[in-house]
Amino acid sequence: MSDKLSPAGSPAGNPANTPAGTSAADQTGTSSAAKTPENPAKVAFASFLGTAIEWYDYFLFGTAAVLVLNDQFFPSLSPVASQMSALATFAVAFIARPVGGLVFGHFGDRIGRKQMLVLSLLMMGGATVAIGLLPGYTTIGVAAPILLVILRLIQGFGVGGEWGGAVLMAVEHAPRHKRAFYGSWPQAGVPAGSLLSSGAFFLVQMMPEEQFLSWGWRIPFLVSALLVLVGFIIRLKLEDSPDMQKMHEDESHAVVPALEMFRDHKHSLLVGIFTLVGSNTLFYLVTVYLLALTPAETDMSRGTVLLAIAFGSLLDIIAIPLVAIFADQHGKKKMMIVGSIVTAAVSVPIFALMMSGQTWAAYAAMVLAFPIGHSFVYATSSGFIAELFEPRVRYTGASISYQLCGLISSAPAPLISTSLYAATGSWIPVALYMAAAQLIAAVFIATAKPKDEVKA
């Protein structure tokens, strides 16, 4: 298919404002032959809840890797090697995520967005509960870390299909001129998942240390079973997106979406991959790396850092839809470029505040990191990336873009930062590394040519 087609399946250049009497299907860019779409607000909220549950599962592992997995699964190694091994186990999921994005994307473009979202939720939840039940190294020996890696790979494969499906359900149900706003709700589900996981570990780490290390850390993983049940019921009740329904009626699916996407959307894929390099690097340095570094190098307790991260995540949840409203009014690309530059400027202050060891400074750092930094790019990225691809390859294109970005930015960020700090003994190179990632993202965003972006 030609890149000239809009992501809604209509010619590029359709005006943002639809005339009176235009059907809901037309407003979302689909034909009136499709079924009446769900209420966009209902779909957006359901996407938010489901995404929050899946990313709760995902972020639990990152927090546990810093706090407890090194002792439970790598006790025979030195403290540094044990911590690096736990972080490496955290990172292996990023290898599976692009594979999951490719597989879920293929069937999401061929069969439907909804079905893949339900499957990804069950896969993530099952692996998370299994981690909570997994015996440690002292019980089953070397089998423990091996099984931990396998379960983490399953988590990565499952979450590989989550983001693309969730944002497309929200964006494809939304009116054309409000795609950023409705698409921002599943985006807000990511910091919501971080908030839930940080809050859960804050509560259980208040237990006596012996009990926490023995069994208390498992509780947040086991609670996932109840959350997944809620998410499963919510997602099962949704109708698939209007664009997907139209493809079923027209039988216009791509035969092999990945091949078509790589053939016709090379530049879009490249832009999609690098769009969130800065945002992802910031998020994982703050929520994973600083959680390990700050208590080790300052007098700040891990509980204080967890509370500060939870506070920042709460602000992020509030800021994301507000930023998206401005993006719908003034342009997604403009908002994301400005956000990347601002985040680069505050990278050093974020680290300086955290490494001061002062509680008030940790909270100030989270204000800079989340509502001022992270939200300005992340809020708008769902609608922005979706508009890079046609509906027939959109699940594949959006998923592979997002997951490859995670592989090159999120996965190595804690490991690169640990190595930089070990080599220099200073946090400044780590902060500069975070700033550089923002500027790289800004350059690629500036080259983007969304095929159906609604202008302010």
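The backbone N, Cα and C atoms fix where each Cβ goes, glycine too.
According to TrEMBL:
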type	residues	note
COMPBIAS	15-34	compositional bias 'Polar residues'
DOMAIN	43-453	domain 'Major facilitator superfamily (MFS) profile'
REGION	1-36	region 'Disordered'
TRANSMEM	55-74	transmembrane segment
TRANSMEM	86-104	transmembrane segment
TRANSMEM	116-137	transmembrane segment
TRANSMEM	143-168	transmembrane segment
TRANSMEM	188-207	transmembrane segment
TRANSMEM	219-238	transmembrane segment
TRANSMEM	269-292	transmembrane segment
TRANSMEM	304-326	transmembrane segment
TRANSMEM	335-354	transmembrane segment
TRANSMEM	360-379	transmembrane segment
TRANSMEM	400-421	transmembrane segment
TRANSMEM	427-448	transmembrane segment
Ranking 86-104, 143-168, 219-238, 269-292, 427-448 by the number of C-beta pairs under 8 Å to the transmembrane segment (335-354), which range is first?
427-448
Between the stretches 86-104, 219-238, 269-292, 304-326, 400-421, which wins on the count of C-beta pairs under 8 angstroms to the transmembrane segment (188-207)?
304-326
Answer yes if the transmembrane segment (219-238) and the transmembrane segment (86-104) have at least three CB pairs under 8 Å among residue pairs 6 or more apart in sequence, and no otherwise.
no
Within-chain partners of the transmembrane segment (116-137) [C-beta distance under 8 Å, separation at least 6 from its ends]:
50, 53-54, 57-58, 60-61, 72-76, 100, 104, 107-108, 144-145, 147-148, 151-152, 154-155, 157-162, 165-166, 169, 218-222, 224-225, 227-228, 231-232, 235-236, 395
Under an 8 Å Cβ to Cβ limit, what residues of the same chain, 6 or more beyond the ends of the transmembrane segment (86-104), are close to it?
58, 61-62, 65-66, 69-70, 73-74, 116, 119-120, 145, 148-149, 152-161, 164-165, 258, 288, 292, 395-396, 399-400, 402-404, 406-407, 410-412, 414-415, 418
